[in-house]
Amino acid sequence: MALRWGIVSVGLISSDFTAVLQTLPRSEHQVVAVAARDLSRAKEVAEKHDIPKAYGSYEELAKDPNVEVAYIGTQHPQHKAAVMLCLAAGEAVLCEKPMGVNVAEVREMVAEARSRDLFLMEAIWTRFFPASEALRSVLAQGTLGDLRVARAEFGKNLTHIPRAIDWAQAGGALLDIGIYCVQFISMVFGGQKPEKISVVGRRHETGVDDTVTVLLQYPGEVHGSFTCSITAQLSNTASVSGTKGMAQLLNPCWCPTELVVKGEHKEFPLPPVPKDCNFDNGAGMSYEAKHVRECLRKGMKESPVIPLSESELLADILEEVRKAIGVTFPQDKR
């Protein structure tokens, strides 16, 4: 039976997700509604993608009984309101990362989903790429021996994108791209809470974080480190090393198609890319969509691959790091 999706917001990421859903079998996934704050934009997207319903408000989509799961692709500060709206209406939710601007927001959304017994997942698409799944298998099999250290880098000059440097939109490197580095290290070390976090970094002139390097000490004397930046080009790779070797996700590590394990190079080709995709390897969004359907058809309320407790942990780490270099957002004062 097809999973019936409602798309909240018509920005670039929502556009890609919608296009990718259209490439999947209609017997499994259907986009039944799209909402924007401007009805004409919603109608435009509905026409382009052959979506039956277009709404000029998120409230209307939340009330649509035909929508089974809502995909939230709004700007970071609008995630919480949209998620709460859809949960209150009884819809399951897949929310773009970062789920919230800070950990308090994430905890509120998680509590709401649990109190209503509804499915909620943070759309950390990286986890569902076959290359990431292959890496998890390598780790589970002990191929690398006793783990010692994990390292991730994600940086490119994003200053031409207004949202990326906009303090009011919770811009900056950490929430936009640093989350990919944190989730990688967290995945490697099994979602444990770090014992100690050390941070160095610089702020952008607009008040958001610019370039940040973080060291995370974990139980068992293992550690991870990452650097993220919205002004500097970095290697955009992620690696984990143990007593028997190293594994590395090659660039682009946030949507990986290549994994090197102890010198052996493996490729994981993506499905065909829909036309008009805005982001690199956009076709890879299909993996998380399939996972959501699988979870919902099994009656699950959260994903075992990115559980809600880990979404809370990631938000907690990112907030601590952000505040360590003196970046606070309006949401922190509520």
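Even glycines carry a Cβ here, placed using N, Cα and C.
Worth saying up front: this structure is predicted, and the values here are computed from it rather than measured.
Listed in Swiss-Prot for this protein:
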{"type": "SITE", "residues": "TYR71", "note": "site 'May play an important role in coenzyme binding'"}
{"type": "SITE", "residues": "HIS79", "note": "site 'May play an important role in coenzyme binding'"}
{"type": "SITE", "residues": "LYS97", "note": "site 'May play an important role in coenzyme binding'"}
{"type": "SITE", "residues": "TYR180", "note": "site 'May play an important role in catalytic activity'"}
Problem - From recorded sites TYR71, HIS79, LYS97, the one whose Cα lies nearest TYR180 (site 'May play an important role in catalytic activity') - result: LYS97
Practice task
Pick the one among the recorded sites HIS79, LYS97 whose Cβ has the fewest other Cβ atoms within 10 Å in this structure.
Solution key: LYS97
Practice task
In whole Å, note down how far the CA of HIS79 (site 'May play an important role in coenzyme binding') lies from the CA of LYS97 (site 'May play an important role in coenzyme binding').
Solution key: 9
Practice task
May I ask for the distance between HIS79 (site 'May play an important role in coenzyme binding') and TYR71 (site 'May play an important role in coenzyme binding'), taken between their Cα atoms and rounded to an integer number of Å?
Solution key: 10
Problem - Intrachain C-beta neighbours of TYR71 (site 'May play an important role in coenzyme binding'), sequence separation six or more, cut-off 8 angstroms - result: TRP5, GLY6, ILE7, VAL8, SER14, PHE17, LEU94, GLU96, ALA123
Handout entry: Per DSSP, three-state class assigned to HIS79 (site 'May play an important role in coenzyme binding')
Key = helix
Completion exercise
The correct three-state DSSP answer for LYS97 (site 'May play an important role in coenzyme binding') is coil
Practice task
Please state whether DSSP places TYR180 (site 'May play an important role in catalytic activity') in a helix, a strand or coil.
Solution key: helix
